[in-house]
């Protein structure tokens, strides 16, 4: 056997050498016809000469005295070798113009050449064969054919491809279909039907790789053919539209100064149309970019939706734009089989504002900022500002008004409120601020009529200071008499103002006079330790409500009242 193969090889090389000097039509390596097959599966390959390069078929050529010769070049080799047709079990054989592998092996990968010749004529072509190793899930480097079907558009079928000629029509092979790694059994809208796979109303979820495994017997052996088809669900024809230009549009103006970079995107949406050639291009003043003297760069990008609707973007850019460039007409064009569309970009030169406008804007901005600052300052320090104005520019209310007291203090007669009035309020208002207080229990004479003396004291006072607490609202108390008298005096004569100081919160407001007073008068809240500091907010609010006095009744040397440190101990 070895001697016979050696003699055949010598004969083959002799034939090649004898025709090396003869003219032979060499069609080269037909890379468009690269054949991929799985390892350990049969393969049948027809000589491409009779399919693409010659006008006659094998029978005509054979009857004319032409001989078909096969040889190959191993992968990563340059030496042409004859094909060994004497392998065990006829693993490689030739039948007319077909080369058979039953089955293929990985080392069968290489370039195969079929040559048709006689003594006066020679023609040959080569094609690559790649044997691919199969994994457990049909994934490999093999390129799969793509079958497109319209979304929600009737019933579609795919057929197991490239199985014709492997077995006679009398043989009924078994066929198993898979999606990815999963055998197709009881799928929602996919039904295997032998060599066919039917899709009922295709959906995007049907996208994927579908594999058919065909098993057939031959000469006592079982062979398997594995074929994979990529299914892609695409947009329906009823949704097909002419191009839709998203950008440029009438809402966007590209305003640039000379020397700046001008960038204009032309963004176009194409609905899916089978075999449609989608185009996008720019014109500048009616000319293509290559026909104008402007230094223009155009970059294109394409993206696809799940149903292969296409968004194509062409970005036109000019690095340093000139005034002349800003006067040009830039138009985006688009076309598909449904029609054409175009949209001009709005480009203009930016107007630089005059200098005085900038200065005016800056001045206005500064004014607004100053006003805002003043409003904030007033909001934070309004009490201090009012007290400052009263101290320096206010009119003294105590001159010739016939009043004896600055403040009449009304409060509930119990230990806690009395301590707050006699120690805290009196200590600060009289000793620190110089006001004269009228406190009934301190200033009334023994034996007098309470009602008459109360009304008399209130009429002699400029302010009625009401210390609110839960005990204050009890019916029948002297405190309520003082409140009613003060409110009536304020309403009828207007010669006394009422000041409400909330010493403790009053939840149930049953006294209608007090309820009405709280709705129209400001309530100054005592907050315990936080309010004891004489320069704090509580005392400033109280001072604002007090009568304006130009100078205290006592000099600072006569003040022997409470200091802040003494208030802390109250």
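Using N, Cα and C of the backbone, Cβ positions are placed for all residues, glycine too.
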Transmembrane segment per Swiss-Prot - which of 347-367, 368-388, 389-409: 368-388
Of 529-549, 550-570, the range Swiss-Prot labels region 'Disordered': 550-570
Annotated region 'Essential for interaction with PTPRD' segment (source Swiss-Prot; candidates 35-51, 52-68, 69-85): 69-85
PLDDT averaged over the residues of the topological domain 'Cytoplasmic' (389-570): 79
Per-residue Cβ crowding (10 Å cut-off), top of glycosylation sites 111, 118: 111
Chain-internal residues, separated by at least six, CB under 8 A from residue 299 (N-linked glycosylation site): 314, 315, 317
Residue 196 (N-linked glycosylation site) and residue 107 (N-linked glycosylation site), distance between Cα atoms, whole Å: 33
Among 57, 196, 209, which are recorded as glycosylation sites, the nearest neighbour of residue 482 (active site) by Cα: 209
